[in-house]
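A.B. asks: Submitted below is the structure of interest, expressed as structure tokens.
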Amino acid sequence: MTYTTRQIGAKNTLDYKLFIEKDGKPVSPFHDIPLYADEDKQIFNMVVEIPRWTNAKLEITKEENLNPIIQDTKKGKLRYVRNCFPHHGYIHNYGAFPQTWEDPNVVHPETKAVGDNDPVDVLEIGETIGYTGQVKQVKVLGIMALLDEGETDWKVIAIDVNDPLAPKLHDIEDVEKYFPGQLRATNEWFRIYKIPDGKPENQFAFSGEAKNKKYALDIIRETHESWKQLIHGQVSDSKGISLTNTTLTDTPTYSAAAASEVPSASPQPDAPVDKSVDKWFFISGSA
């Protein structure tokens, strides 16, 4: 199954939107792309939002029809993650699992916090840098539970099935064996990355421990079930999420016409980024 992208506007601008297409027709990366690429083999589809070593805070938007990828804003300004020494930008290919939802109406029994109202985040640790809008097939290795401003924010650790090391990685202990330092750096990065913006250090459930593959698969299944309730209109409050889709004919928000309402591609050259985004921040107590 091949997916392509349709870009509108220039990166690093408020006008930028990136729609995902299947067979040339826009689909929702939140709802239309299947979670499983191969359920029997436990291979998942992951939508890449932010390529490794980049700074722009790109995300699947929840409020717009067909959920294009846009750059997040705060007070009308584009958001960029800071460079926290010794890291540059995001340290993984960062993205999300389609057809998952961290329900903000439900408190998780172990984290004691509600879901963050987003699809489940994925940290892809393979050697190849992805691109925004790429649909990767990944195998799950483990999971961390970030507690982000009082909400549970799961971070699944996964690897592209085409990575040379993928055949050797089967569970979370293999990450430390073949990627020594990766889990420690991941924990550090998520703890400190908001500090340069004046926010406190993030906290983790489970004392920052990465849970194993079985635990991760259970969380993915739970959030997939939550998404099913969401897309079928079975939750009392959908929190403003656009549920419009172009393939799920048994859902109340199915709309074949929605694809034709997406503007034609109008890509523009990337807009320049302010030099301040390159600054390195040195965080006391890190590393």
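Here the Cβ of each residue, glycine as well, is placed from N, Cα and C on the backbone.
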A.B. asks: Per Swiss-Prot, what member of Asp153, Asp160 joins Asp116, Asp121 in binding Mg(2+) 1 at one site?
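C.D. replies: Answer, per Swiss-Prot (Mg(2+) 1 site with Asp116, Asp121), from Asp153, Asp160: Asp153.
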A.B. asks: Which residues, in sequence order, are found in the same chain with Cβ within 8 Å of the centroid defined by the Cβ atoms of Asp116, Asp121, Asp153 at the Mg(2+) 1 site, excluding those residues themselves?
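C.D. replies: The surrounding set, listed in chain order, is Glu102, Gly115, Asp118, Val120, Leu146, Asp148, Glu151, Thr152, Trp154, Lys155.
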A.B. asks: Which secondary structure state does DSSP assign to Asp121 (Mg(2+) 1 binding site), in the simple three-class scheme?
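C.D. replies: Going by the DSSP assignment, Asp121 (Mg(2+) 1 binding site) falls within a strand, counted as strand.
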